[in-house]
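Database features, via TrEMBL:
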- 21-51: transmembrane segment (TRANSMEM)
- 37-286: domain 'G-protein coupled receptors family 1 profile' (DOMAIN)
- 63-82: transmembrane segment (TRANSMEM)
- 94-116: transmembrane segment (TRANSMEM)
- 136-160: transmembrane segment (TRANSMEM)
- 196-222: transmembrane segment (TRANSMEM)
- 234-256: transmembrane segment (TRANSMEM)
- 268-288: transmembrane segment (TRANSMEM)
Amino acid sequence: NHTRVVEFVLLGLTNSRHLEILLFLFLLIAYFLILLGNVTVISITLVNHFLQTPMYYFLRNFALLEITFTSTFIPSTLYSLLTERKMISLPGCFLQMLLFFYLGTCTFFHVATMSFDRYVAICHPLHYTTIMNNRFCLQLVLACWAVSFLLMFPPTIMIVQLPFCGPNVMNHFYCDTSLLLQLSCTDTGFIEGLMLIILIIIIPGTLIVTAVSYGCIGITILHIPSSTGRKKAFSTCSAHLMVVMIFYSTSIYRYIRPAQRGGQDSDKVLSFFFSVVTQMLNPYIYSLRNNQVKQALKESVLK
């Protein structure tokens, strides 16, 4: 006879109470910076007339996506760090898993979309406004959300229907798909194979688009006659690429590797990097260091 699991225990980031307090403070500051940076990006790109361009349209949607993505797990993690309550209900775990991986998938597609936008702007400047018109930009954003849903919905439904009747402890700070599959008391080989195929489509697939776009941008930059122009362009692209490399490298190692079954402490560190650290850097790397955005912020403050 098996007892059906009604809740899971999330062990969190550490077992040390002193470290939990430090992590709580760091995560609280990180979440505040994520919200502040992205709300600023959304606000300034909405009210400033000069920022009504395709690039800032994508950045505005990306900022909204980052807020919703981090809000799926950071508040609950903060609560568990503060109160030492590690439990999460079965429906709550499923909902968190669905939102985390759905919004995370959208993030990959949005990064690829923004890199394509920069490719068209830099490599085909004369045709930029024709190609990246309002209708096409809206279609790209809607496609990111729709394709992400179509990819993540089938395996999520399969996981929700799995029986859980054994151990209910996860060595993580959010409900992770691979750990949920390990805790199920039935064979999950088909779902694991399906998830691996989907993740290969999502992560390396969008990485190829991003890499090709930035590769073409790099070649175009090398042909800029002005050394000042080349230096400025490389400075911007290098900052973007730094965030992209951290995001993709940690995601690939965490979810697409030969031994994919999780539960190690290193998995939590990798997850923390791509789900918190890169999200904290994104608004400042992609938007707030941009001269147009800084000028718009300065004008808004003066007004």
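Using N, Cα and C of the backbone, Cβ positions are placed for all residues, glycine too.
With a cut-off of 8 Å between Cβ atoms, the residues of this chain six or more beyond the transmembrane segment (136-160) that come close are 54, 57-58, 61, 94, 97-98, 101-103, 105-106, 109-110, 113, 116, 177, 180-181, 191, 194-195, 198, 201-202. Across 21-51, 94-116, 268-288, the stretch most heavily in contact with the transmembrane segment (63-82), judged by Cβ pairs under 8 Å, is 21-51.
Across the residues of the domain 'G-protein coupled receptors family 1 profile' (37-286), the predicted structure has a mean pLDDT of 86.
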